[in-house]
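Peer 1: My questions all concern the structure below.
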Amino acid sequence: MVASTKRKRDEDFPLSREDSTKQPSTSSLVRNTEEVSFPRGGASALTPLELKQVANEAASDVLFGNESVKASEPASRPLKKKKTTKKSTSKDSEASSANSDEARAGLIEHVNFKTLKNGSSLLGQISAITKQDLCITFTDGISGYVNLTHISEEFTSILEDLDEDMDSDTDAADEKKSKVEDAEYESSDDEDEKLDKSNELPNLRRYFHIGQWLRCSVIKNTSLEPSTKKSKKKRIELTIEPSSVNIYADEDLVKSTSIQCAVKSIEDHGATLDVGLPGFTGFIAKKDFGNFEKLLPGAVFLGNITKKSDRSIVVNTDFSDKKNKITQISSIDAIIPGQIVDLLCESITKNGIAGKVFGLVSGVVNVSHLRTFSEEDLKHKFVIGSSIRCRIIACLENKSGDKVLILSNLPHILKLEDALRSTEGLDAFPIGYTFESCSIKGRDSEYLYLALDDDRLGKVHSSRVGEIENSENLSSRVLGYSPVDDIYQLSTDPKYLKLKYLRTNDIPIGELLPSCEITSVSSSGIELKIFNGQFKASVPPLHISDTRLVYPERKFKIGSKVKGRVISVNSRGNVHVTLKKSLVNIEDNELPLVSTYENAKNIKEKNEKTLATIQVFKPNGCIISFFGGLSGFLPNSEISEVFVKRPEEHLRLGQTVIVKLLDVDADRRRIIATCKVSNEQAAQQKDTIENIVPGRTIITVHVIEKTKDSVIVEIPDVGLRGVIYVGHLSDSRIEQNRAQLKKLRIGTELTGLVIDKDTRTRVFNMSLKSSLIKDAKKETLPLTYDDVKDLNKDVPMHAYIKSISDKGLFVAFNGKFIGLVLPSYAVDSRDIDISKAFYINQSVTVYLLRTDDKNQKFLLSLKAPKVKEEKKKVESNIEDPVDSSIKSWDDLSIGSIVKAKIKSVKKNQLNVILAANLHGRVDIAEVFDTYEEITDKKQPLSNYKKDDVIKVKIIGNHDVKSHKFLPITHKISKASVLELSMKPSELKSKEVHTKSLEEINIGQELTGFVNNSSGNHLWLTISPVLKARISLLDLADNDSNFSENIESVFPLGSALQVKVASIDREHGFVNAIGKSHVDINMSTIKVGDELPGRVLKIAEKYVLLDLGNKVTGISFITDALNDFSLTLKEAFEDKINNVIPTTVLSVDEQNKKIELSLRPATAKTRSIKSHEDLKQGEIVDGIVKNVNDKGIFVYLSRKVEAFVPVSKLSDSYLKEWKKFYKPMQYVLGKVVTCDEDSRISLTLRESEINGDLKVLKTYSDIKAGDVFEGTIKSVTDFGVFVKLDNTVNVTGLAHITEIADKKPEDLSALFGVGDRVKAIVLKTNPEKKQISLSLKASHFSKEAELASTTTTTTTVDQLEKEDEDEVMADAGFNDSDSESDIGDQNTEVADRKPETSSDGLSLSAGFDWTASILDQAQEEEESDQDQEDFTENKKHKHKRRKENVVQDKTIDINTRAPESVADFERLLIGNPNSSVVWMNYMAFQLQLSEIEKARELAERALKTINFREEAEKLNIWIAMLNLENTFGTEETLEEVFSRACQYMDSYTIHTKLLGIYEISEKFDKAAELFKATAKKFGGEKVSIWVSWGDFLISHNEEQEARTILGNALKALPKRNHIEVVRKFAQLEFAKGDPERGRSLFEGLVADAPKRIDLWNVYVDQEVKAKDKKKVEDLFERIITKKITRKQAKFFFNKWLQFEESEGDEKTIEYVKAKATEYVASHESQKADE
């Protein structure tokens, strides 16, 4: 019966399981109203909830249309069987509102992997963007991934086009890649391919941003797949394509509907969009999208419909409007995530609110999205039947197949705020952080909610709660953050709280792992469990061991524990570990490890060494790996000082090498390293290897690497490496040596004998054989044939077997000195095979057999010769005892009191003799009983002198080698050195007593004597067997001058009274403090106290000092430096850990801060405490605090700062002025204002510091009667406003009645804005900032006019004088070079920085940018004509040049400088051919920022100046080049340059532009132009090559300059070779490497020995180099040449002048004698002829 009913139901309801967009079944409430038409009573029989449902269902009837009765009839049937079955369909459940429990069972309150079926749609935020996909996070912290192919159709088409391009360009890409690999390196070949490919893919960060909201649809959930297909990791794959997530009918596209859009194209006023709906296109205006300029075709975003017309939709991205909600839908398919809807509240429980949307789809708002966790509060806040405005965040399918919703009422979700809240949340409390005190806020079906503080909430999943003992005070740990829910994800489970790290990404790079469990071993690496099995890690093959293991499984057993270190953790959380001892056992303080590029930069800046591993070999070097997954490149040239052809020959894969970093470029992901040591260390290594004597030198080394058969060692602090072969580890058998090799640890210190060395490769061989070491110490180990030939045949010699052959055993004493043992002298029987009986490096004892003096060869024997026993020598008796009572050795024993004679008095002991053959010593601690007995505390033994006889007591023996006290254990003999005491108490006592550690107590007072100093400690001798250590800070005498040398304050042997602070029984000494020492603390230190402090750290701004007793103080830079011109590093670098005197400036006991001064009383830079210590015009020292856009702030002291505005920084115009001033830079300035501490200003202008201070006047400074020049600011009907010069933007009004004596009619006809005028002040009103001016001529008296004229003339004269001084200074500079003729070069060899602005064009009133170029041109023209003639004095030529320059400077300058356009035009009428006037006119326009007018003037000048005036035209062209270089573009400069080359001499124009580039510091441009000029004129012009060489050497490119010399010799004809080489040699002497210059000159004088002028120039350069010996040697060589008498006279005079300047009287006489001898010899030769 039941079966038939079900069958019939299926037939009657064929559409019952179809799409739910069909008309819903009629509610039972509706039928009830039809059946009961007239209910009793006047009120409605329905509850408010039922009324709301009726209204919703009526709306749905209208929405779907009431087509026929058939649709309603079958819908009513299931009601009859509602109670007979629990498995009702979704429509049945929707129709049944009475069974609320059953309805709630179909709801989904939380999202998890099990509820996200394919087709589920969600609203989420982008939480991460990678190269391959987007990571989108939803509610409850679940994340999914969007692949590149599921973004949009437009984006997919971009990928398809890219794929086609990649296929077509494969060959080109391969070729390009090979070129790149030749030029530089990448990390590995595999990574190359990945990087190349990923670099070509579109960068998703340009299309999307973190925090962006998107609607997504699930296309794959691996956790729901069958077990056969199930992957190891759960992963949700999503699509955000509009066609997949926008499920709308035409009727649903109404205002406020959220819609996902993809950008199709960018238009002028907006972007066209793809909305994924057939027949519809979208549009968004520019103004409606925040960063429209960043919008790209293919990008996807969530929009809000604002308008719909026909087939187009207009959207925006504003979701903040509270009215943005949908009120109608065409079907339930339109209810999708992202929409704002009204949820009809049906039930309220402790888990949240359940209800319906549009009366069709059930939904729930969880308590975490209501932020109300109590059921009572929920019922108080919300009422059943009310509507709640929510946004849908998930649309899922329940087990019955029904559509259910998860909604949110959180404000940030309603507004869709773009900020990703997890960023801020995890910045505050990162993953792994533990909250100690949390309170329970509430709970629902899956989560426990905790209150972390007033603002933050967290939730704990039921699986991570654990056992809660105290619910009021919980500890929880952060596991993550859910940005959509705005809530922390926590765990209260104790096992999570105890973990050190929660994720592998939290494990720091370089972490030492003491106990790693091996889980598998293979050739591809080792798998480990770390942190007690919490994480897995892998060991790459190259990091298994320092030595290559063929069978790693033999050494590393599964289940065993090993020690490792984390080398990297990749983005997926995979941990890589190294087991190499060289990396595992490295201490943090030994070598810093590279783990990040920032870390690498710090290591490079500090010039420190680090460790790297050889990863891959390349032809031009090898790729090395660091920690953190970083790779670097080690070029062949940097592997070793010797030439390296193939890196495999010098290194091996997986080898750990110590490197220095040459270049770190984080942007290019590039690190260049070197194994080569620095030049200083290379020199040190060279000296060390040369000083090593094989067979004699014993050194201490550290083990840095182990191989199968040897140990690699290194000399500390030198870096020289050597090898100890396993056979040389001891004299024992090879088996024992191999066992010893295994026990050796990296870093172990060894002492051994060098037996061989290679000075070329700087490598040595060592031996640890004790037999060889002992012989070497005794110097009995033979090194040469002479050491062997005279030995007796019974003398044993220790050696080792070098090699074995048929001839016998070749036995070596060191690597080069070898003898032969014949087989018959090696073994007893010929049947024994010596190759099996012996092995290489075996220790042997040999005896001399035969020698061959002729060939210096010798034979040895392993068999000892038979020798007769010698008779035992009888020991002699005691000789000449000092104490006559001593007759024999038996009279001397422990406790004996005897007389002794002082042999010598040392600072800390008395050396005595008891007999002629018996010596002893009295330690200073055994002289005095008490401190008071000592008269001279610094030299206690000064009262004793040589040959004094003293009474002493024998207390023990003294070990001469170890300098230690030894008890007497055998009979005293002449070999003994006795330890004696002369203490009065000891002489009286019958017992022998020496103060030892056992009888010392803490607090006991002792007398100690300084034995030595070590760093910041003194070592004291308390007794011969007891030492004490005392810190300098713990000495009682705080007045000690610690700035002096410690040895002078506490000399050796000086006496101190100390107290025992602690006892170090392990090392056998006591720690002491001064007797009157008081432990300092914050409460005892007062301002003004002078305390000793130990320098701990030098920072950029301060010095940190240790005052003792864990009290530290800080000395600010202005309180630390005696001279501000030094940096803290320069002043205190050599004082780190030294104790220096300090003065307390302030004590902040609350913040535990002490400020100190390190400045002496007579500091070079005076102390400034407030503005009262300053006065205007005073010059002060300062240190730059910081730099901002308005100027720089300067420290004058710790509390006083000053400000320097940009206008006061420099006399020159500095375009990029900020790069000239850095924090903590020293500056010298002059005080401008100092009214208050907060209003101190300085000027750094050199002209104002050295001259008068130009203080701009303000309204309050101006008085009636003052005369000013100014500029017309504006012209009105009632007067003109004038901006006054030399004021702070002061403007005054000249009324129309004060313009002229006769009132003008039209002011605009007389004046224009910018005209220059002179005005007199009539009256001022500073309060209102008003000034009345007059321009009337009658107001200016004759005296005023005269004064003004005088002032103007004086100013002009000063300018001329300054210019003249500059030119004279330059000329004088050249004149100083004239003796060596280097001043005649086209290129000045000395530092030639021109006194012009850095831009190449100065707009100052002086206007010097044309004349200086003109001077330069004249100098170059004249220099080409000069020849190297040593006999001609050329100073007159320079003098004439100076006069010409001055004359050019003053030509055509009137007594009054032109001040307007009219003035210049008037000047041009009289001087149309004067380039100076034209250029001044151009400069005037440039001052007014009229650049285009300046260009027009230049063109006018070229047309106006007569064609014969080439020099004047040249000046205009140069001015145009200057103008375009400063104010134009590259194109305009190139155009002017090309034209100038056509009209003027091309070479001259090239050289002028080169000069302009250098002056304006455009060095790259200059380098390019040098190359082009040399190519064009290099075959005929020597000067261009010299200029190019000068340019390169000036910029520290000496090697490139030497290449240029080679190119010059190829390009120039042979006749010019000597000249160009000579000039390059002069350049090397002046700016480069003088040794290189000498080499060039030596080559010249060798090729042309008769060119005396070359010898003259050579001498001049050596004189400038100030190497007296070389100058004298050169003169000696010259006078031996065949030279004329005139030339000889010249050189002798020159030599004599040199020696007189040196003041060497002895050499002066020698030169005179040499000259006399020369004259005499030539006179005799002449007479003979």
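Each Cβ is built from the backbone N, Cα and C atoms, and glycine gets one as well.
What Swiss-Prot shows for this protein is this:
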COMPBIAS  8-21  compositional bias 'Basic and acidic residues'
COMPBIAS  22-31  compositional bias 'Polar residues'
COMPBIAS  78-88  compositional bias 'Basic residues'
COMPBIAS  173-182  compositional bias 'Basic and acidic residues'
COMPBIAS  183-193  compositional bias 'Acidic residues'
COMPBIAS  1417-1430  compositional bias 'Acidic residues'
DOMAIN    510-580  domain 'S1 motif 3'
DOMAIN    607-676  domain 'S1 motif 4'
DOMAIN    1177-1245  domain 'S1 motif 10'
DOMAIN    1265-1336  domain 'S1 motif 11'
REPEAT    1561-1594  repeat 'HAT 2'
REPEAT    1666-1701  repeat 'HAT 4'
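I'd like to know what surrounds each of these features in this structure.
Peer 2: Secondary structure of the domain 'S1 motif 4' (607-676) per DSSP (helix as H, G, I; strand as E, B; remaining residues coil): 9 helix, 35 strand, 26 coil.
In terms of DSSP helix, strand and coil, the domain 'S1 motif 10' (1177-1245) has 7 helix, 33 strand, 29 coil.
DSSP states for the domain 'S1 motif 11' (1265-1336), grouped as helix (H, G, I), strand (E, B) and coil, give 7 helix, 36 strand, 29 coil.
The list of residues near the repeat 'HAT 4' (1666-1701) in space but at least 6 beyond its ends in sequence, with Cβ under 8 angstroms from a Cβ of it, reads 1430-1431, 1638, 1649-1650, 1652, 1655-1656, 1658-1659, 1707-1708, 1711-1712, 1714-1715, 1718, 1722.
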Peer 1: Please list, for the repeat 'HAT 4' (1666-1701), how many residues fall into helix, strand and coil according to DSSP.
Peer 2: 29 helix, 0 strand, 7 coil
Peer 1: Can you tell me the mean pLDDT for the domain 'S1 motif 11' (1265-1336)?
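Peer 2: PLDDT averaged over the stretch: 87.
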Peer 1: Please work out the helix, strand and coil residue numbers for the domain 'S1 motif 3' (510-580) from the DSSP assignment.
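Peer 2: Output for the domain 'S1 motif 3' (510-580) reads 7 helix, 35 strand, 29 coil.
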